[in-house]
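First comes the structure, then the notes that go with it.
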């Protein structure tokens, strides 16, 4: 049976995983106003999905029944003893970020971990939740994630990187893909790309900067052309997706044609522009503000709730480039909920 990857047009265009941006509310908005060929979730901790625990108070009679003995110097207060309990799906805030609608499909769940067992768990969970694929993050430059042996740190531990892909593939029938960079301190495409291709991932997304460059240096799309040549030399069927500094849909098409990439992933260009994948540019200020308010109300419905402060990065992106934008944005940034956000717009018009 063919995976969804094989059914995509060439080139295809994907929405990147963006922390605190591509949450369920924003993904649904993008699917409604300008659906890409593939959507990624925010990246999520596989370890957190498995291990997220809540400390719960143990009842005195339960402790007594287990003959709990205090250690030397420990106060005998059985009612204060606490035990770990694994959160249910409905309680786990990470599960909130994995909600999706049919309109978003095909949708890929992205996870990170430095433990094959945890990635295998995430792969099984992705299948159980109905995702179309699982993507393993091997490019995030966050130091806290690297300390876990995950993200960009995997470029310095190729053995573990291979083990993660193998573990994920063994745990599910879903197609497994990888998102990475061209190198850590410096570009290592000639070694890194064939190594990853040896695990036969369904797709490989390459952010065309090193970890050291972060987003400071321009993405080098010449390296994408080289990655395609390496793939072809290996005789691999893995689809290659380029990522980095893609301004709009026209730019994405041009970069795909020039590099030979099967697909192009767009990230920052989606800020304030859920119409990105339609190629529309004539979006009126009125329409932008209406869609922003729509997003705010959808954001408030997320459960468990997320801080409204997170939405303010969307306010900055939507409210710009028109007369009075600075003043309106200042008012909207003071809003603490969707109702206040909507009222700030009405007040500016009244």
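Positions of Cβ are set from backbone N, Cα and C atoms, glycine also.
Reduced to three states, the DSSP call for residue 140 (active site, proton donor) is coil. According to TrEMBL, the feature active site, proton donor maps to 140.
Per TrEMBL, the feature FMN binding site maps to 110, 179, 207, 267, 268. DSSP assigns residue 267 (FMN binding site) to coil in the three-state reduction, outside any helix or strand. Every protein chain considered, the tally of other Cβ atoms within 10 Å of the Cβ of residue 267 (FMN binding site) stands at 20.
The feature domain 'DUS-like FMN-binding' is assigned by TrEMBL to 91-340.
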Tertiary neighbours of residue 268 (FMN binding site) (same chain, Cβ under 8 Å, six or more apart): 18
Cα-proximity to residue 140 (active site, proton donor), 10 Å cut-off, over binding-site residues 110, 179, 267: 179
Close in space, distant in sequence - residue 110 (FMN binding site), Cβ under 8 Å, 6 or more apart: 17, 40, 41, 42, 43, 44, 134, 135, 136, 137, 179
